Amino acid sequence: MRGGGMKRGVRVVVVVVVLSVVWLQLALPQLPHELPGAGAGADSLEPDPSIRGLHNSPMQILMQQLTGSSDASSPAPLTQSQIWEVWERLEDDFSADTIFNLELYGPVLHSTLVIVVQVHNRLEYLRHLIVSLAEVRNIDSALLIFSHDYYDENINKLIMTIDFCRVMQVFYPHTLQLHPVGYPGHTEGDCPRDTNTKIAHDLNCRGNPDLYGHYREPRYTQTKNHWWWKANKVFESVLGPVNHTGLVLFLEEDHYVSEDLLHMLALLSTALPYACPHCSLLTLGNYIKNYNWPADAKKVEISPWLSSKHNMGFAFNRSTWLRIQACGSGFCTHDDYNWDWSLQHISNTCLKSRLYTMVLRAPRVFHIGECGVHHKKKDCSSKLVLNKVYRTLQTARRALFPLKLIIMHAPTKKIKKHKGNGGWGDHRDQELCKSFMLSTGLYSPFVLEPLPPPTSLPPSQELAGLAIDAIPLLNQTNVT
């Protein structure tokens, strides 16, 4: 273990023991001898001791910070004053790209493993992901980057308690939260989703219909633009200056990982030049419902990369990124609001050679999200899914950390041409997406920055604000 010595080793052992006890309390179902309500605390937003800062604030302070936080599934919209306050914070910190815990783990090198987590507002899921990451062997060698499209102090404070590796936070600035009125949020004069194109022409409303004749729905467009911004931000702005050539692993807030995650990634990376020199991605998660985890723990399949199967926990390096980025226009104009299907599209139509992947048969990345953009349920608790994942990993404990891999080739199937799921016909979204290949900065010519609350402005600035409001957006496209 790095930077440790005997004291560091003892401290980590203590944390792991505490983590195991707390995890049992959080993940296991209520035992028969427990009184009703005894396990109620498991669904609260109290942080787990495993993610408490060993060198940072006491547990009691963090608990006070998170007590009473609202349900992230239905957050209240920000007022204009709150939007301006958040925007000012982003202005102060946006260009810093501060990496924390460098004093503990040293600088980021060209070969450092980078883990990027896309975060929205689901604190409970994120908390479980962080707990699982804390248990990963050799996690102290990685850089962990959280990319947000929702500003939440509870989430920020939670992340800042991490001290088991280097940590960084980046914030996608063109969010619906900060732009509820005006693009990329809802803009007055936009065509309603189901407007007939002839009626839209007569109304002279704004927008471009997708493949299925539907007009823009802001809530479905943010995720794809965030993913593309994040990839450009990480590879170019964050890792470009250090000439990074190592792997970048992509996760999401509702994932959960096994403790041999990095061990398996290292095995795959070592095997790739010999087992699959034409593979450019390594995939650690899958959606297989029936598998024998102990028997499949060593098995790896070689397959074309398919968005519906291989979009969870996949990694690639800068050389692969440059190939993908070169097809950025195709990614940004493909009429599909899903980033993974858009990546599939350029793999099939733009890249000189299709994306291939080595994928683990027994996953080391699990999806625990019960609710999100595509799924809404009455009970969004992660408890049942976590129970299943926990039992799976406990049953297969002896199969973790294999010393070798068994390489298999997936059956060859003809890849059908995918039309696109729509939701991405509006030219404003396409142009904003393409602009990220030039800049991932705070400001964009396609998005008006938030304005200060009127009461906080001197009269002269109030007039200036009105003048800015009167200027039409550069990217507004009327129906023709």
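Think of each number as a place in line: the chain as shown, counted from 1.
In case you wondered, yes, glycine gets a Cβ from its N, Cα and C as well.
The shown structure was predicted, so the numbers you read here are calculated from the model rather than taken from an experiment.
Look at TrEMBL and you will find 1-29 tagged as signal peptide.
Under the heading substrate binding site, TrEMBL lists Q118, V119, H120, N121, R122, D149, Q222, T223, K224, N225, H226. In sequence order, Q118, S147, D149, Y172, T175 are the residues near H226 (substrate binding site), counting only same-chain partners six or more apart with C-beta under 8 A.
Per TrEMBL, disulfide bond is recorded for C191-C205 (among others). Every protein chain considered, the tally of other Cβ atoms within 10 Å of the Cβ of C191 (disulfide bond) stands at 24.
Under the heading Mn(2+) binding site, TrEMBL lists D254, H367. Within 10 Å of the C-beta of H367 (Mn(2+) binding site) there are 19 other C-beta atoms, taking all protein chains into account.
As annotated by TrEMBL, disulfide bond applies to C276-C279 (among others).
What TrEMBL lists as disulfide bond is C327-C350 (among others).
The disulfide bond feature in TrEMBL is assigned to C332-C433 (among others). Spatially close to C332 (disulfide bond) yet at least six residues away along the chain are W228, S342, Q430, C433, K434, judged by Cβ distances under 8 angstroms.
Summarising the annotation, TrEMBL assigns disulfide bond to C371-C380 (among others).
Cα spacing between C191 (disulfide bond) and Q222 (substrate binding site): 18 Å, rounded to the nearest whole number.
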